[in-house]
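Now, the feature entries from TrEMBL:
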TRANSMEM  32-49  transmembrane segment
TRANSMEM  61-80  transmembrane segment
TRANSMEM  92-113  transmembrane segment
TRANSMEM  125-142  transmembrane segment
TRANSMEM  154-177  transmembrane segment
TRANSMEM  197-217  transmembrane segment
TRANSMEM  229-244  transmembrane segment
DOMAIN    233-410  domain 'O-antigen ligase-related'
TRANSMEM  250-266  transmembrane segment
TRANSMEM  278-296  transmembrane segment
TRANSMEM  398-417  transmembrane segment
TRANSMEM  429-448  transmembrane segment
TRANSMEM  460-476  transmembrane segment
Amino acid sequence: MDIRSLAADQAVQANTSKQGIRKNMLKLNKKIAMLFLLSMTLLLCAFWASPSQVLPFHRNFLIYGVFFISIVFIFKDRTFLKKVDYSKIKDIAWVLAIMTMITLACGIFFSPAHKEMFRAWHSQWLRPLMLFAYGLIFYPLVSTYIKNISTRGIITAIIVSFWAPIFFHTLSFFYILFKTGSIPWGETYIFPSRLELSFQINLISMVIFTDLFLRIFNEENLLTLKTRTVAFLVIIDIIATAFSNTRWGTVGMIMGLLSIGFIFLIKKAKKTNLIKASILIGLITAFILSVGIFSYKEDPRWKGIEEDIIIGWNVPSNSFCFIFENQNKITPLRKDGTPANHSNTCRIAYFHQASNLIIEHPLGLGTSKTAFLYRLQEKYRNPSIDISHSHSGILEYGLQYGIIGIFLWIGYNLLLLKKSYHAFFKENKAAGIVLFLISGGFLFRSAVDRILLDHYMEEYMFLCGLLLCLISYRDSQDKK
């Protein structure tokens, strides 16, 4: 009996040991998988603005990869979802659900080409929605298996990843300046265009400037970087903005900086030292004036803008605003006989035409990257018209999803502003001010640039989901 009991005990111990090894191996495998997920996400942030043609892989591989891995973890273990109070964002979820139904319904009932519509709807709406959902679960999922990562650490890693291509762009700028001796105004070598560059700068600058203000007002830092490193990031962003030669990028940075300063001065008005506040206001004013004067002097589009706007409002459909390839197009002239500036004239022309088309077709025609072109050719019966879009994300939403689409988009962003305002001013959560500035800035930029599609929309929706998660986090870690 003693021998049998001893053998049984040894068998139990061996079995327990095997179970322990399996459990530890499972934990190790999950941690490795989570490190892989984190690495893929940071790579995505770094390469998001880069065209897939210049990458060794398609950008969507990273998007669907991280989404699939997160779904697998949700099916295996949903306990990490309890870390976030999702009841705080149920109204936003409802708005997004309604937007999903409206965007799909517009395409089903009014689209002239359903196959192209479904493909465009998937890339312009469904994929950004997937990334919003991924952003909501990203931090609680990662922090469950990587114990020593904080909200500050995750925000820092993501922001530095987004900032990396801006840094390499600036390096390439100085390399060309050194090699040729001339300033490459408005040239982009890492980004496909100036719009991509200025959008990325504005997006990241909001976070970096916010962190600087938090340090100035003795709040908890948003980033784990040292102050001199944050200052270096700011300097690179300012240099990249100055030489990118984009008016809306410059305006966006100025408005963002003004908004941050105004918000912090309101919150800290009673506690702020008068001398410190005066110095801060002086620095902000000097920066804004220097950037504004620099842009006005170096960008010829500011000259004669008033006359160009009047010309653009009345420009005909067979002008250079709507026809690019055909040589039989009208070039409008100013009073002095010089050609009107294309950018100044056509921006207002697109607004005029698009707003009229939205009023004439208030239900839209479904998701399409060429909704503006379709409506113009339909209205004027001129196949020579080849301008594909109206240069405004909000107007494009109206053309695609009708007037209700515009109201839903604005309503979604207003909800974000409301929740982020409450999180920062009432709950003192730093992520709140970041979401407030990013959502407000993106809403403004979507009015003047076509950014409600592709990687612009994907980046924005991912960051919205992530920041909403951080301001709704139950754990005390959200303040670390």
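Every residue gets a Cβ built from N, Cα and C, even glycine.
Counting Cβ pairs under 8 Å that are 6 or more residues apart, the transmembrane segment (32-49) and the transmembrane segment (429-448) reach fewer than 3 and are not in contact. Comparing 61-80, 92-113, 154-177, 250-266, 460-476 for CB pairs under 8 angstroms to the transmembrane segment (398-417), the maximum falls on 92-113. The transmembrane segment (429-448) makes contact with the transmembrane segment (197-217): 3 or more of their CB pairs lie within 8 A, with pairs spaced 6 or more apart in sequence. Among the listed stretches 61-80, 154-177, 197-217, 229-244, the one sharing the most Cβ pairs under 8 Å with the transmembrane segment (125-142) is 61-80. For the transmembrane segment (197-217), the residues of the chain that approach it from at least six positions outside its boundaries are 49, 155, 159, 162-163, 165-166, 169, 188, 190-191, 223, 225, 227, 230-231, 233-234, 237, 240-241, 244, 246, 248-250, 252-253, 256-257, 260-261, 264, 268, 272, 276, 280, 430, 433-434, 437-438, 441-442, 445, 449, 451, 456, 459-460, 463, judged by C-beta separation under 8 angstroms. Through the fold, the transmembrane segment (154-177) approaches residues 38, 41-43, 45-50, 138-139, 142-143, 183-184, 187-191, 197, 200-201, 203-204, 207-208, 222-225, 233, 236-237, 239-240, 243, 431, 434, 459, 466, 470 of its own chain, all at least 6 residues removed from its boundaries and within a Cβ separation under 8 Å. Remote same-chain partners of the transmembrane segment (61-80), defined as residues 6 or more beyond its termini with a Cβ less than 8 Å from a stretch Cβ, comprise 33, 36-37, 40-41, 43-44, 47, 127, 130-131, 133-134, 137-138, 140-141, 143-144, 458.
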